[in-house]
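What follows is a set of notes on a single structure, which appears directly below.
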């Protein structure tokens, strides 16, 4: 992996304060990092800054941030090389825990699904046809999600935080899903790890989009159908059945 | 005023509480089964403890609040989750009292009771809930009539990890193992490296426990560290994981408030970390003290009242208990 910025402060000077840059806007603050949109020499770009967590012990914080920034950059690079749509890496500024990435214009899959859901609910004003369309759109996007995750897993990348808010639609087109936030990702060949990755998505998906068990099944079907290695995908989904039973206090029997 | 008497006995705390329909807590008393250092509480012995104290506790609750059983409108008890035998001991008593006094029963989910008590005491409107105790570790958010579990432990609960470590280092279980670890941790200085495992919004603690157990038993390595250092490191690691996942849930759901409930929720270091987290994201945190954080009868009474006012009662032949009863299995009728 090539780090674009060197750690030597004499060559590339760290920008002390992102907000001092022209046109910088704080887009969101996740659990990990603050995300800014800035104008970098005319390019619209995203800066993801892992700020120091006041609550975390400094040693622990530095260890976790350092590890995750490296994982994120590695995974983004590997995905990009293999044709999976992720934001392009522009610059890695290690001393200040910042990654500069391409700005993706588009809504989150979460928002897209909410929009579909609203369309299908407005029974009084819409026709049955638009309702069916909205439903079909939901199915299409879930199929695409499954297909793309299968490709990511085939590269032995485990995303670690698959949620519908970590998927964007480039130009709002449902056939162009961009995966973001590889901060919890890692490399693994184990079916176990990939199954847990799917389990994380399932939990986030079903708790964010209620009554969506059927849509999630669409993701799983497509995951298996479109996987470059269907046999492995089957094994992962079988493992997922076991992982599901692990949650505490579930009615696992009787 | 409608008065509900609540009965809690899902673990080693036996609690009786009386709560009015406006949320006034008239009585909230507790008797805890405390085991010697190095020992946990076994289901059989805990049940025996509950059986031998429950009647006296009910009488005391009524006496302290100058009430007669006739003033009580409804009895609420913990249906689950929890340890089977202690749950059953309490349920049997409630069935008896219900028939003796001719009062309806409401079966309550323990986790829901913690959440509703937290909301009642703090006035939090729609918080992300961090529910941390000896038996449960969940990150919860309300949506469409259910308390939905966004993240949880995939193995042992955080309190269980603390309790079991307290046994390894042989510290007293009085008033609680977690409290004693907290006091020792204040004197710790060196951070020992422990595993740090978050998977999305889920956490895993069993590896941390194994790792710190091995370390505590390693005489050679323990020349470098004190027991205080271990307690400190354990708390720092466990709580960082919890706060991180809670923050992720807040970011994901777009919520500004966070509420910590359950026995571990009254740990002051955890509360401090939650405060530091929300101050960095312009949020608001809510915490409650040990009277309402640790298992108690009033929380069962209050959750029971919320169901009772919506017309829910549990027929006698359905007043069973269950060890497995998830937070997201309950239909929440009292919230929009």
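Cβ atoms are placed via backbone N, Cα and C, with glycine included.
The annotation divalent metal cation binding site is assigned in TrEMBL to B:110, B:114, B:131, B:295. Residues or ranges marked as substrate binding site in TrEMBL: B:131, B:132, B:133, B:134, B:135, B:163, B:178, B:182, B:267. Feature annotation from TrEMBL assigns domain 'Gcp-like' to B:25-302.
Mapped onto this structure are the features recorded in TrEMBL.
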residue	record	contacts (Cβ under 8 Å, 6+ apart)
B:110	divalent metal cation binding site	B:8, B:10, B:78, B:79, B:80, B:81, B:82, B:295, B:300, B:325
B:114	divalent metal cation binding site	B:131, B:133, B:261, B:262, B:299
B:135	substrate binding site	B:10, B:11, B:81, B:82, B:157, B:159, B:160
B:178	substrate binding site	B:134, B:159, B:162, B:163, B:166, B:263, B:264, B:267
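Listed in chain order, the extra residues whose Cβ falls within 8 Å of the Cβ center of the divalent metal cation site residues B:110, B:114, B:131, B:295 are B:10, B:111, B:113, B:115, B:133, B:136, B:261, B:262, B:299. The Cβ of residue B:295 (divalent metal cation binding site) has 27 other Cβ atoms within 10 Å, all protein chains considered. In the three-state DSSP scheme, residue B:135 (substrate binding site) falls into the coil class.
Residue B:178 (substrate binding site) carries a helical DSSP state (H, G or I). Across the domain 'Gcp-like' (B:25-302), the prediction's mean pLDDT works out to 96. Secondary structure at residue B:114 (divalent metal cation binding site), as computed by DSSP, is helix. Under the three-state DSSP scheme, residue B:267 (substrate binding site) falls in the coil class.
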